[in-house]
Amino acid sequence: MLDPNLLRNEPDAVAEKLARRGFKLDVDKLRALEERRKVLQVNTENLQAERNSRSKSIGQAKARGEDIEPLRREVNKLGEELDAAKAELEALLAEIRDIALTIPNLPADEVPVGKDENDNVEVSRWGTPREFDFEIRDHVTLGEMHSGLDFAAAVKLTGSRFVVMRGQIARMHRALSQFMLDLHTEQHGYSENYVPYLVNHDTLYGTGQLPKFAGDLFHTRPLEEEADSSNYALIPTAEVPLTNLVRDEIIDEDQLPIKMTAHTPCFRSEAGSYGRDTRGLIRMHQFDKVEMVQIVRPEDSMAALEEMTGHAEKVLQLLGLPYRKIILCTGDMGFGACKTYDLEVWVPAQNTYREISSCSNIWDFQARRMQARCRSKSDKKTRLVHTLNGSGLAVGRTLVAVMENYQQADGRIEVPEVLRPYMNGLEYIG
C-alpha cells in the first residue's frame, strides 16, 4: 500500500508515476474524499470537545445544587451525534482504504516504461543454447518415454493442469528442490523455513494478494463469507507466509537483513490463462517452488535485489542451463513491485526462453500493509522495512529445462553433475 500522506499531499505526482505503468488514478475522487474526510474529522473532534465540556459542566452544576437534567439530556444528544459522526468518518476512512488497497506500487525511476512483456529490456545472457544433431523431444514426450510424467492419471484424480510424477523423474524433481535449498542455505546465507500451505485473509492482505487478486487463489470457503478461523486460501507462493512472519513486528536494525527460504507447493487458479501452455508442466494449478525472501533496511533494498537475482542465477549456472536476464517494463511488473528482474531459461523444444524466476523489490509497499518496522539502535526511532522476494527457482520449470537441454539422441536424460549426489550417483535416466 502506498503512503497515505503521499496520496493526500501529492496526488498528481503519484498519478503521473502510476500512469507509467498503465494505471489511471482517479485524482478528483481522491481529492473529494480527502476534503470530505477533513470536514468529518473536524466535526467529530468538535463534537467530542463539546461533549467533554458539557459533561464537565454536569459535575459543576451538581456541586452548586442546580438541576442537572437539562444538561444530561444535552450531553446524551451530543453523544448520539458524536457516535453518528464517528460512524460516518469510519465508513469514509474504510472507503479510502479500500481504494488505496487497489493501487499498485510506484515504479522505480530506472524501470523502463512500457505496456507489456514486449517492452521488457534484456540485460544479459549466460550460456549458449545447445545445437542438437537429432530431432528434439519435448519434456512431455521424454517424460512419457520414461514413465515419469502421467497427465492422464492427474486428470482422473483432479483435472487438467495437474501431473503425477513417477520413478526417476519424480526423484530428479525432488533432487532439484534439495539442491536449491542447500545452495541458498549453505552458500547464500538464507535460513530454511517450513511454513503452512494454508493462510488466513490477514496474511493475504499483508502481501497484496487480497483484495485485488482473490480470483487467482484457491479458497477453502467462498471469499464473501465472513472471515473466521476456518476461512483460508492455499498459498500461491511461499512469499506469502515467509514475508508475513515479520507482520506487526519491530526488528532491531542490527538484525537485518533477514534472509529466508522455503520449498513449498504453490497453488494458482490461472484464471486469466485459458488456452495458454496447455501441454506439459509450464503452467500448472499446483507446482513446487523454492522461494527467497529478504527483509532489509530501506537504503539496502536495491543492492539486495541485485544480490537475490544473482542467487537465482547461480542455480541456473551450476545446472549449466542457458538463460537470459531481463528487466520488466512498468506495464509488465507485478502489483506490488517497484522493480523486477526475470530470468528466462532456454527451452529447446519451444526454441525460446521461458520465465523461470522473478525477483522483485517491493520497497515498503507490503511492510505498510503488515506494519513491519525496524528500530534504529542510535535514536530508537522506527521506520518501515523493505521487502524483497524471488524464485530460486520454480522446480517444475527447472525440471523441464533439465530434461530438454540434457536429452540424448536415444531418449536418455543426462543427470547434471550437481544433482548426482542427490540421486545416488545416477548419471542417466533411461
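Yeah, the Cβs are placed from backbone N, Cα and C, and that goes for glycine too.
The shown structure was predicted, so the numbers you read here are calculated from the model rather than taken from an experiment.
Here is what Swiss-Prot records for this protein:
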- T237, A238, E239, E291, S391: L-serine binding site (BINDING)
- R268, S269, E270, E355, I356, S357, S358: ATP binding site (BINDING)
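Sequence features, as recorded in Swiss-Prot, placed on the structure.
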{"residue": "T237", "record": "L-serine binding site", "DSSP class": "coil"}
{"residue": "R268", "record": "ATP binding site", "DSSP class": "coil"}
{"residue": "E291", "record": "L-serine binding site", "DSSP class": "strand"}
{"residue": "E355", "record": "ATP binding site", "DSSP class": "strand"}
{"residue": "S391", "record": "L-serine binding site", "DSSP class": "strand"}
Discussion item. Counting other Cβ atoms within 10 Å of each residue's Cβ, which of the binding-site residues A238, S269, I356 comes out lowest?
Written reply: S269
Worksheet item: Roughly how many angstrom lie between the C-alpha atoms of R268 (ATP binding site) and S391 (L-serine binding site)?
Response: 15
Worksheet, complete the sentence: So E355 (ATP binding site), by the Cβ count within 10 Å over all chains shown, scores 15
Discussion item. Checking your reading of the structure: which of the binding-site residues A238, E239, S391 lie inside a 10 Å Cα sphere centred on S357 (ATP binding site)?
Written reply: S391
Worksheet item: Residues with Cβ closer than 8 Å to the Cβ of E270 (ATP binding site), same chain and 6+ apart in sequence?
Response: R161, D216, R283, H285
Worksheet entry | Sorted by sequence, non-T237, A238, E239, E291, S391 residues with Cβ within 8 Å of centre, L-serine | V240, L242, A262, T264, C266, K289, V290, M292, V293, N389, G390
Worksheet item: Non-local Cβ contacts of S391 (L-serine binding site) (under 8 Å, 6 or more apart, same chain)?
Response: K289, V290, E291, M292, A312, I356, S357, S358, C359
Worksheet item: Just the number: how many Å between the Cα atoms of A238 (L-serine binding site) and E355 (ATP binding site)?
Response: 18
Response to the item:
Excluding its own, the Cβ atoms lying within 10 Å of the Cβ of E291 (L-serine binding site) add up to 29
Worksheet item: What is the separation, in Å, between the Cα atoms of S269 (ATP binding site) and E239 (L-serine binding site)?
Response: 17
Response to the item:
One finds that other Cβ atoms within 10 Å of the Cβ of S358 (ATP binding site) number exactly 22
Worksheet, complete the sentence: Filtered by Cβ under 8 Å and at least 6 apart in sequence, the residues in the chain of E239 (L-serine binding site) near it are T207, E291, V293, N389
Item to complete: Report, as a single number, how many Cβ atoms besides its own are within 10 Å of the Cβ of R268 (ATP binding site).
Response: 20
Worksheet item: Out of T237, S357, which of the binding-site residues has the smallest number of neighbouring Cβ atoms within 10 Å?
Response: T237
